[in-house]
Amino acid sequence: MDSVEGLALGPVIWTASQEELLRQPYNHLVTQPGKNFRNTLIRVFNGFYGLSERQVAAVTELVEMLHVASLLIDDIEDNSAWRRGVAAAHVVYGSPMTINTANYMYFVSMSLLGQLAAQRPAGPLQDLLKVFNEEMMNLHRGQGLDIYWRDTFTVPSEHDYLRMVMHKTGGLFRLTVRIMEALREGPDGPGSTLVPLSNLLGVLYQVRDDYLNLTDSRMSENKGFADDITEGKFSYPIIHGLQYARVHDPAGYDFLVSVLRQRTTDITTKRRVVRYLADVSGSLAYTKQRIIELATLIKTKYIPASGTELCNVIDSLTSF
């Protein structure tokens, strides 16, 4: 009993080796090279905000931590076997451990807000926490809708899908911009926010990701060919294909519905779906055109005059 009382009266002890054990699923993924798109974007955004290198490094660490943790959860929710060319973390470490680690890393990232706030005389911790909570809620709202539609086989409209994406994918982009805006020195000035741009960027990024999932060989190597079909996901081109087939091709509609319900891993069947979206419904061409239109809209209306480097980043999203 003395030893128990000693534990109760002393500080809570957590060792470095225990921390390493807990982070194993996270480290499994974070050590695999990703696209680094968000890191590049933060550096480009900082051309408008003028944060210190120390602040930029902290924002980058926080956003990367949230992104990787969300991927751990995503892969469980989507039953994905692969991520970044290796077995998904839950395949290696199990779902319970991976879920716990991902949730833990959300809180670790939140603890970084205190370090960021301390780097400004005003110490805007309350503002940073508000941004963090709002955008994490938005992210989970979007993800929840995406899962609900998939699991109840509720085909969303294109408009509803884009609204969902603005929550799910736009959340981390908005969080990045809003945190950087809270940290910048001096008055904001009229029209100085990049939040509308980050909203559109989230949509552009997700629609492009949906397109590449069905067409890009590099994505096939990292996640498996047309992984969205195996997940039964209502991605942007698949929604368009279903809407087309429902009106113009009942047999094609039945085929698409059947394959999505099967959650098939059969490559031949998935290639038939992709061919249908390419040659019959025109969904891939439609999606590609929408990507180009979104990029043009962002560049012409939402990027400040001095944003040449940001324009280059947007252009990189339209090169297939």
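The first residue you see is number 1, and the count goes up from there.
Heads up, the Cβ atoms here are built off N, Cα and C, so glycines get one too.
Sequence-distant neighbours of His67 (isopentenyl diphosphate binding site) (same chain, 6+ residues apart, CB-CB distance under 8 A): Arg38, Leu172. According to Swiss-Prot, the isopentenyl diphosphate binding site annotation covers Lys35, Arg38, His67, Arg84, on the basis of similarity to another entry.
A sphere of 10 angstroms centred on the C-beta of Asp78 (Mg(2+) 2 binding site) encloses 19 other C-beta atoms. Annotation source Swiss-Prot lists Mg(2+) 2 binding site at Asp74, Asp78.
What Swiss-Prot records for Asp74, Asp78 is Mg(2+) 1 binding site, and it gives similarity to another entry as the kind of evidence. In this structure, Asp74 (Mg(2+) 2 binding site) is part of a helix by DSSP. Under a cutoff of 8 A between CB atoms, and with a sequence separation of 6+ in the same chain, the neighbours of Asp74 (Mg(2+) 2 binding site) are Ser80, Gln143.
In this structure, Arg83 (dimethylallyl diphosphate binding site) is part of a beta strand by DSSP. According to Swiss-Prot, the feature dimethylallyl diphosphate binding site maps to Arg83, Lys168, Thr169, Gln206, Lys223, Lys233.
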Tell me, if you would, which residue among Lys35, Arg83, Arg84, Lys223 (binding-site residues) has the fewest other CB atoms within 10 Å in the structure shown?
Lys35
Rounded Cα distance in angstrom between Thr169 (dimethylallyl diphosphate binding site) and Lys35 (isopentenyl diphosphate binding site) is 15
Cβ-Cβ neighbours of Arg38 (isopentenyl diphosphate binding site) (radius 10 Å)
19
Distance check, please: Cα of Lys35 (isopentenyl diphosphate binding site) against Cα of Arg83 (dimethylallyl diphosphate binding site), rounded to an integer number of angstrom.
12
Not counting Lys35, Arg38, His67, Arg84, residues with a CB within 8 A of the CB centroid of the isopentenyl diphosphate site are Gly34, Asn36, Phe37, Glu64, Val68, Leu71
